[in-house]
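Record features, source TrEMBL:
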- 104-494: domain 'Ammonium transporter AmtB-like' (DOMAIN)
- 81-101: transmembrane segment (TRANSMEM)
- 130-149: transmembrane segment (TRANSMEM)
- 176-198: transmembrane segment (TRANSMEM)
- 205-227: transmembrane segment (TRANSMEM)
- 247-266: transmembrane segment (TRANSMEM)
- 278-296: transmembrane segment (TRANSMEM)
- 316-338: transmembrane segment (TRANSMEM)
- 350-368: transmembrane segment (TRANSMEM)
- 374-392: transmembrane segment (TRANSMEM)
- 404-422: transmembrane segment (TRANSMEM)
- 442-466: transmembrane segment (TRANSMEM)
Amino acid sequence: MPSVSDVTSGIEDNFWEAAFETNCSTFRISCSSSSSLHCSWGSLTNNLSTTFQDQCFVSRGQTNVSSSGLGTDDKLTGRDASWILTSAVIIFTMQTGKFYFFQLFIWRFGLLEAGCVSPKSETNIMVKNALDVVFGGIMYWSVGFALSFGKGKGSNFFVGTGNYFVQIDDGEDIGFIYALFLFQLSFATTSTTIVSGAMAERTKLLAYNIFSMTNTLIYSVAAHWVWAENGFLHNWGAIDVAGCGPVHLVGGMTGLVAAIILGPRASAKHSQGGTKETLPSPLKAILGMFMLWWGWLRFNSGSVFIVSSSNEWKKAVRAAVNTIVASMGGGVTAVLVGKCTHQGRYDIGTIINGVLGSLVSVTAICTICAPYEAFVVGCIGALLTIAAEWVVRKLKIDDPVGVIPVHLVCAVWGLISVGLLVPEDESLVEGQAGLLKGGQWYLLGVQALSVVLIGSWTLVTSGVSLKVLDLTIGLRLTPEEEERGADIVEHGTTIRPDDLAFHLNNMNHMNSQEEMSIGETSLSNGISTEDIRKHVFRIKAQEMFKELLTSCQRNDLQVIINSSSLQSICLEFRVLPTSSSDDSGVGLHM
């Protein structure tokens, strides 16, 4: 054990580092006099904690960047608290961006193949996002935070205990615990919101609320593994700066399981060749993308958590730069691929998913890699997203918003990229380097193992939870309820007149006064948009048929229709033929 003079001999500008040998392995100590003492690693910690009054962080093969707080007991300054609170608030606004983005992608199937599906569930979608915070937040406040970062007697490598209901134990810093809770709450609700997209338009709200609480616990355990001091993936040296694993891999895998168990929506009709449908409202889709893009900058840079120390704020800046550069790479890749696959056009859906996929991909490595590496990570993420979208369509999995390609596939790539690209730079990461940076296979193996373990944990727990709900209270709306729409069934609301007018305007021979007259009558009685469409079509077709007969009469012509065709027309348009003539005296020769 070195003496105080041995360790402190390298002091320079309130920051010093010293390496020394013990009987088990090499440790590195980084200390700063700006904060209180914190050390780890057993007896070594105890010896150091009685000697020094400075902040100490001892690590072996662990990241030297703060990943969503990492659960340390550092004293926060006012600047740190402002940074954390602002980050949490901005991340919460991603719920709104998710709504706009989500809203558009459920329309692409409804408008082009089934027709008129999105207005029936628009309110339900937004309510789900709000209730993610309500019910998921209650679960995280009461139990989830304890499972992630609790330091009670029962806390172990798998799960934490203590700090239930965010209770502060003696000696703990109230500012740090509260700030960590609020920041992590925004992550937990984001992970749950991801899943809602894959369950769109066909899930009972009660079942969804219960599963939202369950999914919060699934996230909490995975977060403990990666970010808690005694989490086994953290101690093995796994690196995940801003939640590729606990947030996106958990959310994406749960979305895959939910989509399979629920089955496709009644309105979803998959084309045989895996062809992608066109977005009907690109303006709203782009608006949602920008809101998510904006939130992602703080999602990643805010994960540095403490910015008042001499070097940490630089990592936050690096995270923001790498995040925006990666999204540039994803965007340009999506543009090029989209032009090649869409007859030279700039496909909006491809661009949006390419950008979002690149943002997920860089999440795990945003404070560590160089900007040009972030660009490459984003490009590959966009390519994987586009390819995965095609595979999902070919498998006929109904994933309305692209949860599986964007969050699941790109989360896997993001974690693997860490094992390839982490530099051998002691100011960024200690103990290991990526395979392409002169390192060995260890870090890549740990990152791959993180994918397998987090993915397996989520697959099993979410699958069991959803299946139990399905067998008890039921997950899915009945076909009749799905046809009427979740807005009417779950909330008693109706389709907005402007949405109705938009869809009715696609029909010929209908003026605005007729639209609103039919719409108001139908909506007041809870009739679905599909029923309205059929009703209007029947009325107009009947009018056209009568106009044809009248024209024939006026021009002294005869209508020759074979019996099978006449029967079909009569059944569809409720026109009753006679053997000789109708009320107008027009003969129908059979």
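A Cβ is built for glycine as well, from the same backbone N, Cα and C atoms used for every other residue.
If you look at the transmembrane segment (350-368), the same-chain residues 6 or more away from its ends with a CB under 8 A from one of its CBs are 63, 65, 101, 239-245, 247-248, 276, 285-286, 288-289, 292-293, 296, 299-301, 303-304, 315-316, 318-319, 322-323, 326-327, 329-331, 333-335, 337-338, 341-342, 374, 377-382, 384-386, 389, 402, 405-407, 409-411, 413-415, 417-418, 421-423, 428-429. Between the transmembrane segment (247-266) and the transmembrane segment (404-422) there are at least 3 Cβ pairs closer than 8 Å, counting only pairs 6 or more residues apart in sequence, which means the two stretches are in contact. In this model, the domain 'Ammonium transporter AmtB-like' (104-494) carries an average pLDDT of 87.
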